[in-house]
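As annotated by TrEMBL, (6S)-5,6,7,8-tetrahydrofolate binding site applies to LEU128, GLY132, HIS133, LEU134, GLU252. According to TrEMBL, the feature domain 'Serine hydroxymethyltransferase-like' maps to 15-396. Among the features that TrEMBL reports, N6-(pyridoxal phosphate)lysine is placed at LYS237. Under the heading site 'Plays an important role in substrate specificity', TrEMBL lists HIS236.
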Amino acid sequence: MTTAPHIESTLHAPLSTVDPEVAGAVRAELVRQQSTLEMIASENFAPVAVLEAQGSTLTNKYAEGLPGRRYYGGCEHVDVIETLARDRVKALFGAEHANVQPHSGASANAAAMFALLQPGDTILGLDLAHGGHLTHGMRINFSGKLYNVVPYRVHDETGIVDMAEVERLTLEHRPKLIIAGWSAYPRQLDFAEFRRIADLVGAYLMVDMAHFAGLVAAGLHPNPVPHADVVTTTTHKTLGGPRGGVILCRSELAKKINSAVFPGQQGGPLEHVIAAKAVAFKIAAGEEFRERAERTVAGARTLAARLAEQDCREAGVKVLTGGTDVHLVLVDLVESTLDGQQAEDRLHTIGITVNRNAVPNDPRPPMVTSGLRIGTPALATRGFREADFTEVADVIAEALISDFDEQVQQRLSARVSRLADEHPLYPDL
């Protein structure tokens, strides 16, 4: 009688043993985050407690349904966690109902539209080229394929959302849904005015606060919840939690929203991510979070002020709307010798990560663009303060307007490396 050969179990083996290739890439990404300055406006650093929750054994659990009404057994513990997440996010934003199951902001937007609309209904959303999001009606996105999209835009001279145009388009097209929100816009929106306009035609108002939710939680930005029928958000960006989505709504829409998420859009929720969301919501209710959000906005204003100075203007660098009220700055390079791609690449060579971004009426193609979107949340999370943001702003300005030779690159890279070293990130990972 022969015995089967012993096969070593991978169940309890570490990643470095099971898959050194993936482990190596994960380690390299950690080093990149630690050694460079992350200034993509939609990125942030999740606290270690959030990482622990997301990397927990909750990833093993299926839990279709809602707490107390699951389609699987063994959900007593994930019910506790999901209930905590729902209660905390409702308290954080003063909402009547919350669904914390959407896998992303795009999933949240899709479910909200699915709940409120029928295919072919008219929606009004901010034009992608003027700062809107893919899910607000881009032609090749689900929102542009399923619904009749009427875009509104920013004013050509001020760069501010043109509320007179919003009202005119609303009265002309009578949308079923108006979307207020953005992915690249440096000012606050007037939610009360959006509500007034929506009521003129009996439209739903949905606010996508994915970018500024953390500022709302900190009391630094107007809260859209009292004005909107539905509010969607991501849980990373300025909230600094895991990647995921949330839908907040009035209680009378709760059943529609829940059904649109499951079974309408998704199957089993990601309970390990929901646990991480719960942790992030608890952190966001604290004083430390508020102080960090204050530094986030102050840092963005410092950056905007530096890039609006005369030397930058003379080099063709322009700050859209003349400044910022939020966590990001939009830079117009139409009159610069650099396009958006070149500017992004130049900053990358000195260790600053940003993203190229279209500007209103951009003459260049989407993969090139004539602008940059630069954000401060990740640096504020690392502990950057006024003097640090001032230096970062000087480095970015010099990189964009100087004769960028190897000597300049090395000097600016050294300053970036020093700033990164002075603000350690995940030292125990």
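We number each residue from 1, going along the chain as drawn.
Note: Cβ is positioned from N, Cα and C throughout, glycine not excepted.
Counted over all residue pairs in LEU128, GLY132, HIS133, LEU134, GLU252, the record's binders of (6S)-5,6,7,8-tetrahydrofolate, the longest Cα to Cα distance measures 31 angstrom. Annotation for the recorded positions HIS133, HIS236, LYS237: lowest Cβ count within 10 Å of the residue's own Cβ, HIS133. Summary for the binding-site residues LEU128, LEU134, GLU252: the Cβ-based neighbour count within 10 Å is maximal at LEU128. Residue environment of GLY132 ((6S)-5,6,7,8-tetrahydrofolate binding site) contains 25 other Cβ atoms, counted within 10 Å of its Cβ in all protein chains.
Secondary structure from DSSP puts the residue listed as 'N6-(pyridoxal phosphate)lysine' in a helix.
Annotation note: GLU252 ((6S)-5,6,7,8-tetrahydrofolate binding site) sits in a helical segment as assigned by DSSP.
When the alpha carbons of GLY132 ((6S)-5,6,7,8-tetrahydrofolate binding site) and the residue listed as 'N6-(pyridoxal phosphate)lysine' are compared, the span between them is 16 angstrom. Secondary structure from DSSP puts HIS133 ((6S)-5,6,7,8-tetrahydrofolate binding site) in coil.
Across all of the domain 'Serine hydroxymethyltransferase-like' (15-396), the predicted model scores a mean pLDDT of 98.
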